[in-house]
Amino acid sequence: MATPADLPDWKTNLIELALTSNILTFGSFKLKSNRISPYFVNCGLFCKANLIRAISTAYARQLDGYATANPDWGFDVLFGPAYKGIPLAATTAEKLAGVDEERWGNVAYSFNRKEVKDHGEGGLMVGESLKGKRVVIIDDVMTAGTAIREAVEIIHGQGGVLAGIIVAVDRQEKLPCASEKEGKGDDGTARGSTMGEVRRETGVPVLAVLTLGDMIAGMRRLGRGEEVRRMEEYYERYKPTE
């Protein structure tokens, strides 16, 4: 896991902003898996101008940082699955140009319609054509991975090449087991995470702006010791095999 010294200032600033905006909150939250989490990240609240700027800039920094560390990797289009991915694709494309105009100035964005339009320009897609393009899926969260898998199918169906996936938060916890889904608790078996499963299935980089490890390091830097303790206990209970 990241340490406070490892964490870039922009990630600490984003965590602090998420706290003050009640995007990152602490308490007792029942998840779809029936787990009780001590923290919750409501990415839907990144909806005000300053918050949109902060999160889209963070996506851009993470993508640019990965591309810098992996010079053979790149992409042509950001694909935002309808609906939450749509504003993320558009605003992050703009912020990428601000990070490095020469490298990212021609990056485009695209998104799908939930229902195929049968008039006007028609079709399923809006924005840049994906045909023959290297495409990164951008979305807010990855829970079971279903929406991401649907996005991958759309990209392949449109003749695009999947280059990567990026989400806002990686909770770094193992997939829920059958007994948890039935409300009977974790059976204690070792399992991978959704992010890890999708990474293995697709063979492409699966990135996150913030991981649970980042948030723990950021909270420690901000002097939030009690929250750090609770997050670390949760991680130890549900940490994935990878």
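Each residue, glycine too, has its Cβ placed from N, Cα and C.
Caution: TrEMBL annotation is automatic and unverified by curators.
What TrEMBL records for 178-189 is compositional bias 'Basic and acidic residues'. Positions annotated as domain 'Phosphoribosyltransferase' by TrEMBL: 57-174. As annotated by TrEMBL, region 'Disordered' applies to 178-197.
When pLDDT values are averaged over the domain 'Phosphoribosyltransferase' (57-174), the model yields 92. Taking Cβ pairs closer than 8 Å, the compositional bias 'Basic and acidic residues' (178-189) reaches residues 33-35, 237-238 in its own chain, all 6 or more past its ends. Mapped onto DSSP helix, strand and coil, the region 'Disordered' (178-197) counts 8 helix, 1 strand, 11 coil.
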